[in-house]
Amino acid sequence: MADILKERLGEENYQKLMAIDNPEIHRFIAHYIEVCEPDRVFVCNDSAEDVQYIRDQAIERGEESPLAINGHTVHFDGYYDQARDKENTKFLLPEGVDLGPNINSIPKKEGLEELASIMKGIMKGHEMFVCFFTLGPANSEFSIPCIQLTDSPYVAHSETILYRPGYEEFKRLGRKARYFRFVHSEGELINNVSKNIDKRRIYIDTEDDIVYSFNTQYGGNTIGLKKLAMRLAINRGAREGWLTEHMLIMGVHGPDGRVTYFTGAFPSLCGKTSTAMLEGEMIIGDDIAYLRKKDGVVRGVNVEKGMFGIIMGINSKDDPIIWETLHRPAEIIFSNVLIKDGKPYWIGMDDEIPTEGINHSGKWFKGKKDKEGNEITPSHRNARFTVALKELKNCDPRIDDPEGVVIGGIIYGGRDSDTWVPVEQSFDWVHGIITKGASLESETTAATLGKAGVRKFNLMSNLDFLSIPIGRYIQINLDFGRDLKKPPLIFGVNYFLKGKDGNYLNAKTDKKVWLKWMELRVHGEVDAIKTPTGYIPKYEDLKRLFQEVLNKDYSLDDYNEQFKLRVNEHLAKIDRISEIYKTKVFDTPEILFKVLEDQRQRLIAAREKFGDYIIPEKFK
Ligand code: SPV
Ligand code: MN
């Protein structure tokens, strides 16, 4: 093995690798060099020169091109490689393991055979980058060291922006490291994008803590430490009693300089980023959190240090902080936007979009159609920007705290035109996990595939990433809240409630008020009204907060319209959710049915007394 490594790495890279005292890691790398047959291998030791080498290669190989502003580059993924490939993302199942029908899987032996044929010689003509990172801050109980092998300098570059360096961590841990491994190849390229999309495979092996990703470039399929690691971490956490959640982490300012931390899970296009980025508050993370219990409280860290954010709709008015960052010199990768004269354009920005340029379809002009006859938008709806969180003015200095931050509240939010009120606190942990997290749904929008307005079940916004059966995942969440001195309060939010005329009942900025109310609730500083579905704000508190926070007059009519209990809509939701857990989930914890049934009975009793729509006053 030492021979192969010496010969294929060259002296300098060999020495960098050998500084990590772990023969198992050396064997792993030697194996994939032999199998994938890259022309060259580069080992990144996280020095400024090594990281610069990766950036330079991304440009030299044509996977990124520099833009007019210093530090900005653009990357394009193939036209048919613009999102996570759910169909070809599978768990490799050892014999005797069953994840249930909701989770895509393939018998391990069969999957590995398929991969073996795909990966043979797949890196020919390419350079393999060997990179070390950590998920979570350095020197932290939370953190997991990771090794990424990739032949895409774009993927390696993205990871240097999104994750903390890990080379020194691996040197320190040596043979003690318990690490995740990612093997990625973009495969043969045509015009710098993956050619063999039909052989795109993302296979996850939770038994051996390794994920394979082939013939794709899109970040959600390739950036190992993002959604691929998330599946491994959910599985590891399930065995060890901690949680991996698809959650933002943010600090909300309370009275007298107090900061209270919240996590939040929202399916895509439900306001996750805009919540994390709320002006005046502080962001720790926008996508993935690890949560652990310590001394009777829940603590959380951001697994990442950067953001792979959706760029569609980013404009100076709604997203002033991101907008500012995207327009000044900083290390930023724009992906799948429109480029004209070295400037990126995207749907929903302030500027007028040119009628021609270069985008993910190549040379683009307004009206251009794809093979299927669909008009090609100037930027893809899933176009993204990759930037370090420290480039954002609202980045919380505690982002790298190895202890994490104490979590005061957990927020679940979906896109819901007619059921949930804008903000509501659950009765307790179990009620919150079941009626908010495990009941989370989101309505499709014009921006998603398929018909708009269809409700999609997505518990904890984590459905796509579960590496354990759904029922077990819920049970682990329920258990996590036990024996805590101060469990985080659980809230449901809904920014998308509509009136009879079809218009939204709330302004985008109203979420700031809901957060301030939740912050006060965490500290027991405002009262609430107990309804059949949870605790809701009192009118006088919201009136005061709207005045203080937004300088807006909040009318009693608006309050009643927004916070009335919609009994039949709630009952229909309980029917939908119970049906899913009864028929589609084989290991639903019994308590889930009981909690939903109790809620149904409370709703029916309220309807008998007060009718179908009940204003909050009735519950006082
Ligand atoms: C998401 O889709 O939830 C993302 C982007 O954060 S991806 O990396 O594609 O998962
Ligand atoms: Mn995400």
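Just so it is clear, glycine is given a Cβ too, placed from its N, Cα and C backbone atoms.
Among the candidates Ser268, Ser274, Ser439, the residue that TrEMBL annotates alongside Arg84, Tyr218, Gly219, Gly220, Asn382, Ala383, Arg384 as binding substrate is Ser268. From the candidate list Asp198, Asp286, Asp287, the residue TrEMBL records in the Mn(2+) site shared with Lys227, His246 is Asp287.
Among the binding-site residues Gly219, Asp287, Arg415, the residues whose Cβ sits under 6 Å from any atom of ligand 2 are Asp287. Checking each of the binding-site residues (Arg84, Tyr218, Gly219, Gly220, Lys227, Arg384) against Arg415 (GTP binding site), the C-alpha distance stays within 10 Å for none of them. The average pLDDT for the domain 'Phosphoenolpyruvate carboxykinase C-terminal P-loop' (242-602) in the predicted structure is 97. Among the binding-site residues Gly220, Lys227, Ser268, Asn382, Arg415, the ones whose Cβ sits under 6 Å from an atom of ligand 1 are, in sequence order, Gly220, Lys227, Ser268. Secondary structure from DSSP puts Arg415 (GTP binding site) in coil. The shortest Cα-Cα distance between Gly219 (substrate binding site) and any of the recorded positions His246, Cys270, Asp287 is the one to Asp287. Cα of Arg84 (substrate binding site) to Cα of Cys270 (active site): a distance of 18 Å.
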